[in-house]
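Okay, structure first, notes after.
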Amino acid sequence: MADEDEYDHRDGQEPQREPGLFGRMNNWFLLIYAFACFLMATSLVGILYLNGNVVMSVILPGIFGYILPLLILTKRYNLSFTGEFRLHRPDAVTAALVILIAAAAIYPVDALSWLFRRGRPVDSDYIEILLAFKPKGAWHFAGMALGLGLAGPLGEELLYRGTVQSVFHRNMTSASAILLSALVFAASHGVLYVIPGVTGLGIVLGYVFYRTGVLTYAVIIHSIFNLFSLYRLSVISEDTIRGFEWTPPDAGWLAGSLAVLAFALALFSRHTAGLRDTDGA
């Protein structure tokens, strides 16, 4: 749980303290800077992927497009990088609840994506991307896992929750900040029909960050989603990928996942409220 003198995410008020990054810099400039980070990361993905460096295309953009520029920004003002972006060590109980939320949200997010994909033919470029990302040996898997499980989630959460949502939160209601940052996160993926599903994921990530004030938990959820996708790619054959079709979700699995997700979110909300009460809120 974040210390009370860092940021009370639930009422949007920042206690008196030495101004941090968001208090020292114009918030519009921060959003422009965040957009520049996005452009840099996207350009790196395209350059590396088109030159056949698939593994590097999922590792380096997160580092040089997101993490390093934001690190430089905090050091420019002699601020703590982990402190400003609330990359604190997770506690065991909250981490366990977050992992349960992530596991339960995977199927509903996939189902939401299918809802807007149904009836559409599978794009051949999408198939080629899946084939390129499919691990081809232990070292390939390790490299992809490093990018999709660490560099990518950390970089994207620093940008979309740590920066964009934090800026929005200072200028609008908490619910609006979570929803709008989730939409920005979804739109950054560049494919219209994935926006609903990724927005759903973004709302979960934003809510977890809002309730805890600790970005680490959002990184954990994002990492679990990415690594599960990588695992699914690793266990299916290339022939299966080439014959890929959008299939409707199983109603039983969807209902069960939604029930577990609702239960996990209820436990999480109660637990985080208790932690804040203990902290003296």
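Even glycines carry a Cβ here, placed using N, Cα and C.
If you check TrEMBL, you get these features:
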type: DOMAIN; residues: 139-228; note: domain 'CAAX prenyl protease 2/Lysostaphin resistance protein A-like'
type: TRANSMEM; residues: 28-49; note: transmembrane segment
type: TRANSMEM; residues: 54-72; note: transmembrane segment
type: TRANSMEM; residues: 92-116; note: transmembrane segment
type: TRANSMEM; residues: 137-155; note: transmembrane segment
type: TRANSMEM; residues: 175-196; note: transmembrane segment
type: TRANSMEM; residues: 208-231; note: transmembrane segment
type: TRANSMEM; residues: 251-268; note: transmembrane segment
Message = Give me the DSSP three-state residue breakdown of the domain 'CAAX prenyl protease 2/Lysostaphin resistance protein A-like' (139-228), ordered helix, strand, coil.
response = 82 helix, 0 strand, 8 coil
Request  = Please check if the transmembrane segment (137-155) comes into contact with the transmembrane segment (251-268), where contact means 3 or more CB pairs closer than 8 Å and the residues in each pair are separated by 6 or more positions.
outcome  = no
Request  = Return the stretch with the most CB pairs under 8 A relative to the transmembrane segment (208-231), choosing among 54-72, 92-116, 251-268.
outcome  = 92-116
Ask   = Over the domain 'CAAX prenyl protease 2/Lysostaphin resistance protein A-like' (139-228), what does the predicted model average in pLDDT?
value = 96
